[in-house]
Amino acid sequence: MGTVSSRRSWWPLPLLLLLLLLLGPAGARAQEDEDGDYEELVLALRSEEDGLAEAPEHGTTATFHRCAKDPWRLPGTYVVVLKEETHLSQSERTARRLQAQAARRGYLTKILHVFHGLLPGFLVKMSGDLLELALKLPHVDYIEEDSSVFAQSIPWNLERITPPRYRADEYQPPDGGSLVEVYLLDTSIQSDHREIEGRVMVTDFENVPEEDGTRFHRQASKCDSHGTHLAGVVSGRDAGVAKGASMRSLRVLNCQGKGTVSGTLIGLEFIRKSQLVQPVGPLVVLLPLAGGYSRVLNAACQRLARAGVVLVTAAGNFRDDACLYSPASAPEVITVGATNAQDQPVTLGTLGTNFGRCVDLFAPGEDIIGASSDCSTCFVSQSGTSQAAAHVAGIAAMMLSAEPELTLAELRQRLIHFSAKDVINEAWFPEDQRVLTPNLVAALPPSTHGAGWQLFCRTVWSAHSGPTRMATAVARCAPDEELLSCSSFSRSGKRRGERMEAQGGKLVCRAHNAFGGEGVYAIARCCLLPQANCSVHTAPPAEASMGTRVHCHQQGHVLTGCSSHWEVEDLGTHKPPVLRPRGQPNQCVGHREASIHASCCHAPGLECKVKEHGIPAPQEQVTVACEEGWTLTGCSALPGTSHVLGAYAVDNTCVVRSRDVSTTGSTSEGAVTAVAICCRSRHLAQASQELQ
């Protein structure tokens with residue numbers, strides 16, 4: 001050790017000692033190992049830094065993400081997400097390599113947590129100057145700066161103590177959720193409150209940031225307020241929804257109702273590990289919080305959902321598009337907006353419930369009575385999308401208790417199907433969000449009898465494509481759902497149609513913007529169709545006066561949807577696509593210069609038919625609905641000279657939108673016809689006849 005090679009210099013001893021203190025999990029194990037050798041550890045770190053055998057794969061570039069809302073950012077703490085197949089040992093080695101390379105450059109780092117079980121990666125405290133270095137490490141997929149998440153109820157100082165409004169004998173659900181366990185990620189809770197005593201287990205999990213401000217006092221009743229109230233809404237004895245459900249609480253929000261993305265991630269990882277160690281029945285995770293859009297938080301929710309866990313979250317209280325927030329924007333999460341006693345959107349001062357295509361449904365969220373942390377028998381009213389999400393978590397617990405084998409897709413479809421329809425005043429929402437926001441208020445199903453034979457479908461909107469000439473938008477169904485039809489919508493009316501195509505082993509709906517257009521939406525009709533065999537048949541432009549035609553030619557396959565798009569554009573000289581099954585219900589007919597696509601499915605007992613409704617004079621909106629017992633699977637338009645903006649499904653109704661009638665004239669040539677394809681299960685029809 002007395003001589004130093006000119007090619008390899010030793011680090012100063014004080015720096016090495018400091019580095020050992022900050023090495024994180026790997027370093028801690030080395031320090032605790034009585035046989036560990038100080039010099040060997042240093043040499044190992046130097047070797048890992050200098051040896052660059054594990055270079056990043058060619059053609060792959062790690063990306064950096066941070067919250068779009070600057071006040072919510074937490075610079076200096078980063079979640080490093082590694083590629084999906086990365087093992088724990090590789091995660092730890094990557095973390096050590098980052099520390100070694102940072103130390104050589106004179107930077108100190110601290111590994112706060114190594115993720116394992118939910119997603120591979122680690123949480124590191126380091127200077128932002130090291131981001132470029134970290135992004136070049138092997139196995140790194142992307143890095144996200146940590147950010148804040150917040151409880152989604154009004155502040156505690158606006159609450160008012162109220163005597164209980166409900167009596168136990170007034171609300172008797174068919175199943176209390178006794179077979180379901182609900183995890184609540186929130187503040188601490190007052191577990192000895194009479195509403196939830198014996199129903200909630202407080203875990204030892206806690207990952208919260210320090211409270212803001214030096215004068216903040218951690219008064220127990222304020223620290224427990226949000227979590228106690230929500231636990232009471234979910235399963236309280238008097239004011240709870242699922243009175244039989246058991247709960248486990250994890251503390252991820254501090255006394256001010258503030259947490260972090262990283263703390264929430266570690267909480268979700270805790271749930272996944274608990275699930276693996278001790279498998280139980282159906283699990284519901286309630287996330288009554290919101291932060292800025294987070295790729296890593298959405299990814300963690302996706303992993304947990306695909307492990308069979310139902311996640312329910314608050315849409316957010318920012319009177320904004322829910323797609324801008326996480327976890328509300330995660331497709332695998334059931335996102336809930338808030339309504340009041342009149343089924344209208346909740347207003348909270350200058351703000352209010354979030355809205356938009358990422359919201360699945362709404363639920364009661366204003367002046368909700370629940371357990372108060374002020375005393376063990378006190379009640380309080382609180383408002384917000386947290387309370388709305390708690391209602392849906394309770395409903396989900398009861399539905400899962402009645403049918404424990406339900407998948408997330410089946411549960412979501414049932415929640416939508418049994419909701420109260422078209423009761424919300426859409427004028428409250430911004431004009432550009434009205435068509436995207438579901439007009440649904442959650443309700444308990446009257447009975448699960450016969451639901452297994454019901455054909456459930458929902459409408460999924462894509463994000464807006466943007467205005468560029470070749471822009472496209474893509475709408476996707478959940479993994480357990482079948483895409484039965486595809487349509488498109490453009491506020492300017494300039495679009496090149498839509499088509500169904502395979503992507504990643506699943507069919508997706510892709511819509512095409514047109515020259516001079518302002519952007520387009522793709523609209524997927526996603527259905528539960530067990531044992532289905534579905535395919536898309538395409539006919540290229542026929543260039544014949546009779547138009548382009550395509551049909552379901554396979555034996556036993558029925559037509560569930562039609563779509564059409566232009567391969568090239570002729571600056572608007574083409575007519576809009578004509579989609580009309582004529583004569584037999586298994587044929588799509590379109591313009592001779594368009595490609596026509598038919599969605600054809602074979603499933604036990606499936607039968608379909610076509611319904612049309614036309615208005616001789618031009619109208620801004622034309623609709624046609626399927627009868628009771630039938631489910632809308634396809635929605636398209638048969639236009640004349642009117643400029644059709646698009647067609648889309650709202651519940652069981654096909655809606656065709658056109659330009660303002662003042663710009664289209666009033667001749668019969670401007671007539672528009674809405675074309676619906678309605679399907680049902682013969683098993684359900686037979687069961688209904690037997691009941692009658």
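All residue numbers here begin at 1 and follow the chain in the order shown.
Cβ coordinates are placed from backbone N, Cα and C, and glycine is handled just like the others.
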Which candidate in SER47, SER376, SER642 appears in Swiss-Prot with the annotation phosphoserine? SER47
Please name the cysteine among CYS626, CYS635, CYS654 that Swiss-Prot pairs with CYS678 through a disulfide bond. CYS626
Which residue, chosen from TYR38, TYR293, TYR648, is annotated sulfotyrosine in Swiss-Prot? TYR38
Ordered by sequence, the long-range same-chain Cβ contacts of CYS679 (disulfide bond) under 8 Å (at least 6 apart) are LEU455, LEU484, VAL558, THR560, LEU606, GLU607, CYS608, LYS609, TRP630, THR631, THR633
Have a look around CYS626 (disulfide bond) and count the other CB atoms within 10 A of its CB, chains all included. 21
Residue from CYS223, HIS226, CYS601, CYS678 whose C-alpha is spatially nearest that of CYS635 (disulfide bond), among the recorded positions: CYS678
Rounded to the nearest Å - Cα separation of CYS562 (disulfide bond) and HIS226 (active site, charge relay system): 49
Under DSSP, is CYS509 (disulfide bond) part of a helix or a strand, or is it coil? strand
Considering only the disulfide-bonded residues CYS477, CYS588, CYS601, which fall within 10 Å of CYS527 (disulfide bond) when distances are taken between Cα atoms? CYS477
Averaged across the domain 'Peptidase S8' (155-461), what pLDDT does the model get? Just tell me the whole number, please. 88
Test of understanding: give the count of other CB atoms lying within 10 angstroms of the CB of CYS477 (disulfide bond). 23
Structural state census, the domain 'Inhibitor I9' (77-149) (DSSP three-state): 25 helix, 27 strand, 21 coil
